[in-house]
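Lifted from Swiss-Prot, the feature list:
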- 8-69: domain 'TRAM' (DOMAIN)
- Cys82, Cys88, Cys91, Cys169: [4Fe-4S] cluster binding site (BINDING)
- Gln272, Phe301, Asn306, Glu322, Asp349, Asp370: S-adenosyl-L-methionine binding site (BINDING)
- Cys396: active site, nucleophile (ACT_SITE)
Amino acid sequence: MVLLYTPPQKINKLQREMEVEILDLDYQGLGVAKIQGKTWFVENALPGEKVRIKIKEEKRQFGLATTKKILEASAQRQTPKCQYASRCGGCQNQHIPVEMQREAKQKALFRRLLKLQPEGIEFMPMIVGEAFGYRRRVRLSMLFDGKLKRLEIGFRQKNSAQIVHIEQCEVIEPALNKILSKLTALLSRFSQPKNLGHIELVAADNGVAMLLRYSGKLTENDRTLLLDFAVREELMLFLQDDEKTEQIYGQPPFYQLADNLQLQFDIRDFIQVNSLLNQRMITAALDWLDVQKQDHVLDLFCGMGNFTLPLSRRVKSAVGIEGISAMVEKAKANAERNQCQNVQFYRADLDQNFADEVWATEPFNKILLDPPRTGAAFALNALCRLKAEKILYVSCNPATLVRDAEILLNSDYRVKKVAMIDMFPHTGHLESITLFEKQS
């Protein structure tokens with residue numbers, strides 16, 4: 001019998017706990033340290049601080065750790081405004097001044113693009129808004145504690161399934177906090193609170209919409225409690241069981257954009273959660289594309305027309321492409337509602353070959369795309385053949401932005417402008433817009 005030699009596993013010589021100095025801040029709000037030549041990312045640590053860390057995970061090129069004790073605190077460290085910040089899994093970075101958060105995000109974005117294109121990029125001022133009270137949508141988990149006979153409403157604890165019960169959230173709009181503060185008293189009166197799933201609140205421009213998700217069937221008494229609450233608080237009320245979602249009170253929610261545009265949506269639909277920055281982002285996009293009356297513009301991953309309809313007010317024709325059929329129908333309805341007659345919407349899977357689609361052969365001279373976190377690699381490889389003079393890319397993931405930018409650079413496009421958008425202060429999310437121009 002042949003015995004195979006198995007070398008012993010390499011023993012990690014690093015201590016599980018150690019003292020380190022934090023050298024920098026990454027865009028997700030993690031402190032950066034060097035240990036034995038390797039980069040480590042440390043939770044709850046600021047540049048200039050000395051901290052005792054606990055190793056969480058070590059990988060080949062980097063490691064992850066958490067701060068166990070702050071030995072020397074930075075003068076810039078601040079007390080979180082939110083009383084739940086140390087436990088809630090929502091905002092991770094309230095201990096960091098918002099200006100420092102933004103600078104770290106902007107630096108990371110610019111540095112990544114400079115590696116691809118060292119010259120010729122115009123770095124635009126960051127697009128920012130309010131640091132608190134900016135979210136117009138919130139989703140709340142619910143759990144009934146049978147032993148304590150108590151209903152918990154709030155957010156999942158960080159790295160846990162436990163719920164942090166909250167009465168107020170510092171990053172949501174005031175109109176949502178007004179409703180949030182009354183939910184525990186309302187829902188604790190339900191006959192079967194253990195059947196409650198979650199609640200979504202959305203601050204539309206015509207009032208607050210509320211969705212209650214539950215299993216089983218609501219009793220007439222529980223339904224009456226909800227309806228009375230909706231009438232009293234002037235809510236648009238939606239109920240969702242295991243089979244369907246229905247609106248039982250109020251008008252359909254909508255949000256407004258410039259040029260008297262009004263976009264109607266369902267409470268489950270994706271909309272940008274930061275209303276102010278959504279408008280500023282649209283304004284910047286149209287300005288950078290330098291849209292003119294003779295332009296033919298293609299908008300990919302268009303949703304219900306968030307960019308397409310504002311574009312249609314300024315160009316000869318606009319075409320929006322979306323992968324979800326229901327969103328395409330809502331986009332068409334919004335176009336009709338706003339009397340936008342020079343816009344068309346189509347359903348297409350942009351991760352599949354769309355060369356034979358009727359819209360794919362039109363002579364678009366400008367393109368806008370707002371893809372999901374996975375990016376738009378397949379679509380861009382096909383779109384480069386259209387040879388549009390300008391392409392504006394809205395990104396929510398710097399890694400896929402860089403990957404997709406390389407596709408465009410290899411097709412004779414160059415990065416013209418870029419700006420960081422601080423859509424989600426106190427989180428590690430990095431949004432941006434980048435303008436690419438075709439080289440003549």
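Yeah, the Cβs are placed from backbone N, Cα and C, and that goes for glycine too.
For the domain 'TRAM' (8-69), the DSSP counts in helix, strand and coil order read 0 helix, 35 strand, 27 coil. Close to Cys396 (active site, nucleophile), meaning Cα to Cα within 10 A, are the following binding-site residues out of Cys88, Asn306, Asp370: Asp370. The full span of the recorded S-adenosyl-L-methionine binding residues, Gln272, Phe301, Asn306, Glu322, Asp349, Asp370, taken as their largest Cα to Cα distance, is 22 Å. Comparing local CB density within 10 A for the binding-site residues Glu322, Asp349, Asp370, the maximum falls on Glu322. The distance from the Cα of Phe301 (S-adenosyl-L-methionine binding site) to the Cα of Cys88 ([4Fe-4S] cluster binding site) comes to 32 Å. The Cα atom of Glu322 (S-adenosyl-L-methionine binding site) lies nearest to that of Cys91, taking the binding-site residues Cys82, Cys91, Cys169 as the candidates. In the three-state DSSP classification, Glu322 (S-adenosyl-L-methionine binding site) falls within a strand. Taking the Cα of Asp349 (S-adenosyl-L-methionine binding site) as the reference point, the closest of the binding-site residues Cys82, Cys88, Cys91, Cys169 is Cys91. Long-range C-beta contacts of Cys88 ([4Fe-4S] cluster binding site), restricted to its own chain and to partners at least six residues apart, with a cutoff below 8 Å, comprise Cys82, Gly154, Phe155, Gln157, Lys158, Val164, Ile166. When secondary structure is read from DSSP and collapsed to three states, Gln272 (S-adenosyl-L-methionine binding site) falls in the coil class.
Listed in sequence order, the residues Pro80, Tyr84, Ala85, Gly90, Gln94, Phe155, Ile166, Glu170, Val171, His426 complete the 8 Å Cβ shell around the [4Fe-4S] cluster site centroid, once Cys82, Cys88, Cys91, Cys169 themselves are left out. In this structure the alpha carbons, written CA, of Cys91 ([4Fe-4S] cluster binding site) and Gln272 (S-adenosyl-L-methionine binding site) are 18 Å apart. On a Cα basis, Asp370 (S-adenosyl-L-methionine binding site) lies 28 Å away from Cys169 ([4Fe-4S] cluster binding site).
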